[in-house]
Structure formats: structure tokens, C-alpha cells
Amino acid sequence: MTERVSRLVVVGNGMVGQRFVEALRARDTDGRWRVTVLAEERRPAYDRVRLSAVFDGVDAGELNLHTPDAGVDLRLGEPATGVDRARRVVTTAAGEYPYDALVLATGSYAFVPPVDGTDLPGVFVYRTLDDLSAIREHARGRRTGAVIGGGLLGLEAANALRLLGLATSVVEFAPRLMPVQVDEAGGAMLRRYVEELGVTPYLGVATTALRTGPDGTVAALDLADGRTVDAELVVVAAGIRPRDELARVAGLPLGPRGGVLVDASCRTADERIWAVGECAAVDGVCHGLVAPGYATAEVVADRLLGGAATFPGADTATKLKLLGVDVASFGDAHGVTPGCLDVTYTDPATRSYAKLVLSDDARTLLGGVLVGDASAYPTLRASVGGPLPAPPLALLAPAGGAGAGAGALPGTAQVCSCNAVTRADLDAAIAGGATDVPALKACTRAGTSCGSCVPMLKQLLDAAGVRQSTALCEHFDHSRQELFDLIRVRGISTFSRLVAEHGRGSGCDICKPVVASILASLGTGHVLDGEQASLQDTNDHFLANLQRDGSYSVVPRIPGGEITPEKLIAIGEVARDFRLYTKITGGQRIDLFGARVDQLPQIWRRLVDAGFESGHAYGKALRTVKSCVGDTWCRYGVQDSVGLAVALELRYRGLRAPHKLKSAVSGCARECAEARSKDFGVIATETGWNLYVGGNGGFRPRHADLFATDLSTAELVTLIDRFLMYYIRTADRLQRTAAWIEAMDGGLDHLRSVLVDDSLGLCADLDAAMARHVTGYSDEWRDVLEDPDRLRRFTSFVNAPDVPDPSITFTQERGQPVPVRGTPPDGGHRRQPVVLGLPEVRR
Amino acid sequence: MRPVVTLDWTPVCPLDRLDPDRGVAALVQDVQVAVFRTTDGLYAVDNLDPVGGAYVMSRGLVGSRGGVPTLASPLHKQVYDLTTGRCLDLPGVTLRRHPVRCRDGLVEVRLRQEE
């Protein structure tokens, strides 16, 4: 670049000023601008939105937003005092700063109403970290406090005073709290919450004067209705005003209600001067939220580098937790659109209030207010300006109802994030005739990569009124549970007999592995025996996990995550000798990657000789029982969590199920083993074990629910036996325990009645089934190594057994082998978008 | 570039080496071919998964869809019509098929030339 370097002066280092500098620096790769920042505060930019967090024990340092940048001359504690537009110079107490461009990012100041006594000691505003330090200092030894202003900031300040131990009052001139965000009914709900926290609101009344006590500091507020409120500390939070004094003195035009007047490009009447954030009146309007402020920062950064960005308009939607209450407001929250309709929902039991503002034909969502339960906020906010995602009542019902499913998602929501398929794409496909999940997969690709959105595809079909059969696939009209019962009751042991007697066709990649899993759960011999071998997915067929390059990974079982040094060394030697990539898994074991099929038996020969057995990482089966170190070592442990984890893992190893099963045991309530994220988790108590069921990580993380408490080890094992066997018998294909319980009529209570009270008379049968599993277990890999017929399958090429697969090649990364990444043969087919035509929304 | 393709039949393995409904991979003049034996007969297709880009098709599950014999990729489960090679889940994707026969108890494959 031969262009000369230009001088940029930024006045203000608040959140928006900082964002602006970062945005500009990130894009100014040619170094066109030399940046000077003049800041009033002595502290570099910090997160003012989270200011109140310091009263919750957050260190002020954690709010820091500033990262040092050698290309920026940041001058703290040196506020700008004037701008000479003719000479293009900004002045401070220390000197002058010439500029080619000047960006004003001076923010706002707290508005203090003209009331007698606001200058008394003990009266504060709530704007900076220094303000908060002063409030904390003054609160020491005092008992009462008051906040003037019941808006968003006022309620935050009230909570702060409460946390400082003051009996707190809030005085608000409007007849309700948070008048800008919520309507009257929402304000009433909010008032109840606030009162319960011990904060006293005075609404619809003005403060007329602040009075002093004997020590000369503030002692009370006089209200317009004659009442007096004791307050030894007062915070004024009556709104903010833009800091436009530099612009005013420099003769720049201001907005009708103050603020530096700028156009949509955020430029003032002076082409070299710009304004961002709360001090900017964009087309005459100031925005007091950080999101629109950030938008102005991006606009100016773009413009200074030759771009043509314009302010996209402000999204005033807000969601926050105030005094522990969720409050959200979005769109036309007050219903000012002509002819608009309100739908409101008030539930005193759950103490929630919600209002939706709809267009006059009740079809378009214009805005809304949520108090108490704001779980619908993301869905609703995304739906503003568009059709309602569901009938209003379903949307407003508290979370946990049917409204929470995929049916409530807006058209723009991405259902399949692997292939970027939105709800609208899927709805269009359904409208176009897709009537089941495979059809949806075929025409949109949703669910074809990781598959975790498949349950949502079903929900969308339900939502569209498409009746879906419980048939497993085109070869069976039965659900998995029905097939399980058929196979068990009739003693069927082969797929060919099952499909001949109860199905049609020759099966597919859906029903074959399901039947293989059922046969394995019922303990009918080795998974690679006879015809069963042809039913197994490639993972079960090679007893290893297929990876993207066609190689496999190997996971030996390490029960409870406990391993001897000798065994660790053995794994290390195997990995070294076969040049495998090694990684510690989340289940406290070691995964060895990059094995060719012909290497698997050699690797396992070594592992079995060293005392290892299959870890079933390849199967829909028990994976691991993770554990913390327990009371053997830990100062806090109250039970032997490792011992129990090892026993459970050995008991349930090899158990085939509708989906993978994970477990963990924690030795005390600190829960270091993360048992509540598992299908069945155990947490030690002083007197026994608590059992939790139905947790999982993954795409839809869920904490397990407490199922039974203070169990002896024998009681615990019996309950887990029954839980697993009942799950294996009755769950759908690929349905994890969480979804299984959720779908169960009566949910957890029903499960308890079946497994604890034996309400269905099944328990003896379930207990016997598990006993058969435990006694019938044998290591699949040891069995394979002992059988030449099974070993024969482990070759790369049937006609060249000695030739390793030449397509599996490795490169080195961080000292380990990793697959060479090539382009897919058709040039990356997987990433191509699918044209669906215009999405159509049916009413 | 693929090597020059001749149209000779290449013996792959004895028929009884093939488990019913299960595939094997074979090297036919340096091309990886997946060979299957189903109740309908023998099929041979490229071992290369056209979507995933790995040589794994021999490890997929065979079955049927609407009466058509099928093969599912073990990587991401796309299903192919074994009689045409056409992918039934993704438009425009095809698996190359190769002529295959059984002679004197031996399975033989002849590479199909590039189409």
C-alpha cells in the first residue's frame, strides 16, 4: 500500500467504543488507520451490562473487555475536552490529537431529576464500577436504601442494595415496574416477585425531595403523596441521557431528544466525524441497548475502510433475569400497531404472565411480553413479523408442555445443523408429499449426517398432521417392542424366519441391526454366529468403530476407568507397534484409531493377552461406568464409587440395547463423575446410594431424574437390572432412556410403579433375564480370536489377503498419525445445497 | 487416473467364500470392487463410497426397498439400487456397477469401463 496512514481518534472506551476499535483493527489489514483512544475512566472497557455481577461475588476483572493491541494508543483517564473541527484536533487536559477521522463513543450519563437533595452524600448513580465501589462503601453499617426509578436499571440497583443487606424500596413515577418493557399485567406479576424478595415498591408517585439525617448524609425521601421513605443510601436510576456535549460545543447538529445526530451511515454533518453507541442519534433516535450500539460500531468500522454499510435498524427485544425473575419483551410489546390484538395468559400458580400482540387478522406475531417464564422467548422472537408457529395458547403454556417440540419452531430455525436444513425447508418437503422420515431425508438431507435431528423430523410430520405408523420399516408392520415380544414369546432365533413369518422382502439397514440387537439382548449366541453376522452393522460386524477414512478404532474395556500401570503400558505398546492414534475418551478409557480390518485380530490378540476385553464402543450396548476416585482417596468421598462402578460395568458389559448406554458413579454429592448426565447414574449418600435415570449428553443434553434414594448396594443393583431390562424390551429403535421415559404414559411415576411396586407383575421375569445375561456373558473378541471361521472375515481383500488397503494413508499431526484428508470423489457432494422451491407455509 | 481397463474376467474367490447377504472387497486390476451374494444373485459395485469418499461399500448392509435389491453405505446410510447403482436417497449420485458371474464355483468380475 502506498496510501498514507490516516489518524483516527476515538473518544470513549465503553463497550461500543471498544467493539468499534476491535472491528476496525480486525479488518484494517493494510494498517490504514493509526488509532488513538481517549477514555475518561481509568479502567479499560468492561462489560457494563453485567455490572451488577460484582455484587454476586464476580471479580471486577472478569468484566474486562479490553485486549491489549499494540496498534492502538489507549489513553486512560484522559477525557476529551473539546473538538476543533476547523483544525481537525481533539483537545484533552494533556494536549492535542489531530485527526483525519473522529469517532464519538461517549455513551450516556445517568439522568438525575431536578429534585432537592440529589447532591447529598449517600446519593449515587449506577453506571460505572467506581459508582458500585462507592455504593458498597457507603452501605457499610447502614440499614435502609432506596432506588429512584423502577425500570430495568432501577431493579438491578434494588437487587444490589438488597444483596448489600439494606431494607430496599423502589420509587417509580409510572404506575408499574419496568414501564418501558412490560404492560400493566406484566408489571403486576413483577411487583409480586419483587415484594416477595422484600423490596417495597412505591408506584405512580414522584419523589419530591431528599432529606438529610444528623450526620449530613441522606436519610429519607419525601414522596408527592405525603409519604416518607427511610433511605440512608439512595441510587438514582431514572434513565440515561446521551453524552453529546462535545458535539454540541463543536456546533454539530443534535437529535430532537439529544444525541449526536447521524445518518444511517452513522456519520454526522461533518464528514470526518462519526458517532456510535448510546451517544448517537441515528436518524434522530438514540438506542440505549448494547446490541444496536454494536451494530453502529460495525457500520462505522466498515465505512472507514471504504465499505457502504448502513444501520440495520434496532432490535429492541430484551430478555433478562431481574431479581431472579425472567423478563422478556420483544417487538411491539405495548400493542401500538393499529388494530392489533392481545392474547394474554396469567397463571398465579406458576406465577407467570405472558402476552402476545397479534396483527388484526390474528395471523402475524407483532410482539409480546413474558414475565416469570421466558422459555418461549427464542421461538417467539424469531417469529416476530411472521406467522404464529403454533396456536397462541400452546405457545404461552409453561415450558414442558407440548408446545416445546419442533412443532413450535419458526420457519427460519435450523432443524438439521449438519446440512443447514430449516423448518421451512422441511415443511415445504412435507407439503410436497414427503410423508415419512426417509422421504424427508431423501429430499432435504436433514438427518442424513449425524442423525440427531431425526426425532424432530417425526415431530414436524406430526405437527403437519401426517399420520405416521409405528412400523419399523417397509419390511415389518411392527414396532421394535412388538418385534421384541414376537421373538421372545415365539422363540424365533433367525432373521430369515422372522421376516418370512411376520414381515416381507429381504430386510434393510434399519430392521436387520434391530433384529440383531434383539437377538443379542435375548442371549442367543455370538453376534457373528451364522446368519446373525449378516445382520450386523459394520461396527458390530468387525467389532470396532468405523471412521471416516474406512479405518476402525479400538476401545478396550477399562472398568470404572481404573487401570494398572502394566495395562497402561500394554495399551501404549500396542498403539506404538501398530502406529495407532490414541485419545482419552469421555468415558475414562483409551481409543486407538487408524486400524485396518486386517490388523484388528492382531491388535486384539495383543490386548487379550494383556488381560483386556471388548469395550463394546462399537455396539448399541453398555459403554462405560465412569467414576470419581471415591472415599478410598478423596477427602470428601463417602462411598467406594470406583468399586461400585467396576462392579456395575462388569455386570452389564456386553448388554445389547436399543441405543448405547452410559453410566457413572459419584462418591459424594459433589458429583465429579457427572452421573446425572448418564442413562443411569449413581451418587453416594452418607447412608447408601441415590439412583438417577434418563440423563444424557449429546444433541439434547438432559439431566437424569432422581429415581430412588438411600439404597443399599443390593437394592440398587436390582433396580438397575429391572430398569435396563424393561428399557431393552420396550424402547423404540435408537430411543435413548431419556426419550423412552418421556414418551412413557405416566413417565417416571409409572416407571417407579413397574420397577419398584411390580405393578405389571414383570419384575421376576426382568430379574431372570438379567441373571441370564450376567451368567451368559463372554468376551466377543476372545471368542473371535479362538475361531478361524470368524477370523477369516478380517481381511481387506478377499483375493489378496496379504495386501493392506492402499486407500488408508496417514499424515502426522501433533506427533500422531491422522488420516490424509482428500476431497470426496464427486467434489464434495455432501455440502451442496438442495433446491426445494420456495418454502410454503400452510395455514 | 485409472489404469487402462481391459475387459477380461478376473476370478475373485470361490462362491462359498461369500456369506449370504454380506459383502467382501476385492482388488480387480487395482480397482477396489465390492462383491455381494444375495438370494437374488451376485452383485459387484465400486468399493468407493461416492458420498463419503472412503473405500467401504463392501461393508454395507444389503436388503430391499420396494422390491428392489439395495445396498446401504456404512458411513452415512445412503441406500443404492443394486440393479442400477442409482442412489435412492440422493438424486444424481450413482455407484458404478461391474459385471459379475459364477463360473465353475469361482466368482469372477469384469471391470466396467468409464461411462
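In case you wondered, yes, glycine gets a Cβ from its N, Cα and C as well.
Here is what TrEMBL records for this protein:
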type: BINDING; residues: A:C628, A:C634, A:C668, A:C672; note: [4Fe-4S] cluster binding site
type: BINDING; residues: A:C672; note: siroheme binding site
type: DOMAIN; residues: A:7-280; note: domain 'FAD/NAD(P)-binding'
type: DOMAIN; residues: A:317-382; note: domain 'NADH-rubredoxin oxidoreductase C-terminal'
type: DOMAIN; residues: A:415-462; note: domain 'BFD-like [2Fe-2S]-binding'
type: DOMAIN; residues: A:547-608; note: domain 'Nitrite/Sulfite reductase ferredoxin-like'
type: DOMAIN; residues: A:619-755; note: domain 'Nitrite/sulphite reductase 4Fe-4S'
type: REGION; residues: A:805-843; note: region 'Disordered'
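Most other Cβ atoms within 10 A: among the binding-site residues A:C668, A:C672, that distinction falls to A:C668.
Along the domain 'NADH-rubredoxin oxidoreductase C-terminal' (A:317-382), the predicted structure has mean pLDDT 80. Between the candidate binding-site residues, A:C628, A:C634, the densest Cβ environment within 10 Å is the one around A:C628. In terms of DSSP secondary structure, the domain 'NADH-rubredoxin oxidoreductase C-terminal' (A:317-382) contains 6 helix, 34 strand, 26 coil. Those same-chain residues not listed among A:C628, A:C634, A:C668, A:C672 yet with C-beta within 8 angstroms of the centroid of the [4Fe-4S] cluster site C-beta atoms are A:V629, A:G630, A:Y636, A:G637, A:S641, A:S666, A:G667, A:R670, A:E671, A:A673. For the domain 'Nitrite/Sulfite reductase ferredoxin-like' (A:547-608), DSSP puts the residue distribution at 28 helix, 14 strand, 20 coil. DSSP gives A:C628 ([4Fe-4S] cluster binding site) a coil state; it is part of no helix or strand.
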